[in-house]
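Features reported for this protein in TrEMBL:
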ACT_SITE  2  active site, for GATase activity
DOMAIN    2-208  domain 'Glutamine amidotransferase type-2'
BINDING   95  L-glutamine binding site
BINDING   257, 284, 358, 359  ATP binding site
């Protein structure tokens, strides 16, 4: 796992690589190539995990000098791929070298044979093509900015933002989208002109500066309605165990990010089964008792999987410290209150291992979230709900932003419009009150365009829920959760692997009918059934919690006061774009428990802190304050 950066006709040097040194502190390399009357720079920072010798250093150049590669990630099946490369004499055992010579032999379309997590740049100086490539589910990020005859790209935005080729501007369409979904679907970012390369795509840049983007995995979902439960469970268990075993590939120690829930417990079981050493597990908890602390559950699981367990407890002061300082690494506003916890537990893990496995990616393909139950109910009772005025539903149901979104989505008959509504936080009516005049034209944007391509590849015979899961796995997962997972673990030079997103495993899960995912009110049904063979009932039936924080409570007290101070400051983001009087009204209604606006207010606070970090006081040498953990 590493950091990559490159440019065409934009200055890029070793100082720029220092900004992503946390992604790869073990080695650094940079090459300058004169190609097609262009100056190309390829840079790399290395986190040595497979092949620890210099034979794995990058940029990597072919023996003939024609091909160049900078690569971030892991190719788990690289030893199998080597068998297809007869005649090649390898210098070492790195998957980077396998990747280079596989591309040389099979061309860029050979990427569809890879099982792994990756983003890379590949230059063919004879074919006169530069390729930028991102993995199937977007586990590894890749950003780029292009103008006529200029290109700059990197694993992280900060390299682009600080480059003289780029002028910092805020994308108003992206701001509108962010307030809708709480994240920006690829290719959008809040930085005008800077794009996220979409998952399962590659960008082709030729000598003339022309850019074309191709989807190398335009696979349509096909549901197998004939499979029985016994066979489905057996195949699922086999593929998951195979995925975990495959992802133990490493020449350095590995660990496990362990929550108190089922997903990481299953990974821990298979890791312990296939590892030659005692697995190390890492957990973060919040100070206090109740819903904000699952340390006891994690300790119980660690005992069952027999891991060497480490934990860190986060208090309110630490949480806020990490929250305020994490924007340098996230590079985009934060909508997930759990982010400071991930930053802290990654810091803990970095003292013991270089690689962790985590349970990220289990919920989206297998209906693990509450919202999926809501969508199933809405799709089943849509005709009945359409007869009830939405204002009446709002009055009789509990005060919750999640319920508000469910009520809002129930008003749409069209499936894809309803999917958009499920994720809509700031509705058009709220935006009309929030936006200043310059933004009002953005309200009419068609947000479903971001989901349309994924929707087109979902099996049309599948249920409404099956289509939603298919879209989530290709949009919200890569462009929100996986994005922050990568950045916050890599902030501490930790590689985060996600076995639940093994390509073979996900292909199988997506071929299953809905009943194997959400069965009645039981989400991740097949996952739970498979785990019954090796985990106790108390783990399988634990209520899904994750790392919960009392942010909604703090936003009824001192944190809301902080927000009001910031929005009313001289150079605030809100002063330029928003109606501060309406924000004050939202704060008052939330404080008085008249409306649940904690997610809205948290996002507005995040926008302000992001703006301060990247537009008002950006410092390329900034890093978060370290806390003592053991």
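Every residue gets a Cβ built from N, Cα and C, even glycine.
Unlike curated records, TrEMBL annotations are generated automatically.
A map of TrEMBL features onto the structure.
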| residue | record | DSSP class |
| --- | --- | --- |
| 2 | active site, for GATase activity | strand |
| 95 | L-glutamine binding site | helix |
| 257 | ATP binding site | strand |
| 284 | ATP binding site | strand |
| 358 | ATP binding site | coil |
Report task. May I ask which residues of the same chain, at least 6 positions away in sequence, place their Cβ under 8 angstroms from the Cβ of residue 359 (ATP binding site)? Result -> 257, 259, 261, 263, 264, 266, 267, 500
Query raised in the report: Which chain neighbours of the ATP site, leaving out 257, 284, 358, 359, have a Cβ atom within 8 Å of the mean position of the site's Cβ atoms?
Result: 256, 258, 259, 264, 282, 283, 342, 345, 356, 360
Requested in this report: Can you tell which of 2, 257, 284 has the least company, meaning the fewest other C-beta atoms within 10 angstroms of its C-beta, among these recorded positions?
Outcome: 257
Requested in this report: May I ask for the distance between residue 284 (ATP binding site) and the residue listed as 'active site, for GATase activity', taken between their Cα atoms and rounded to an integer number of Å?
Outcome: 25
Report task. Compute the C-alpha separation of the residue listed as 'active site, for GATase activity' from residue 358 (ATP binding site), stating it in Å without decimals. Result -> 18
Report task. Just report the maximum Cα pair distance in Å for the recorded ATP binders 257, 284, 358, 359, no decimals. Result -> 15
Report summary line: Rounded mean pLDDT within the domain 'Glutamine amidotransferase type-2' (2-208) lands at 95
Query raised in the report: For residue 358 (ATP binding site), which residues of its chain lie six or more apart in sequence with Cβ-Cβ distance below 8 Å?
Result: 256, 257, 264, 267, 485, 496, 497, 498
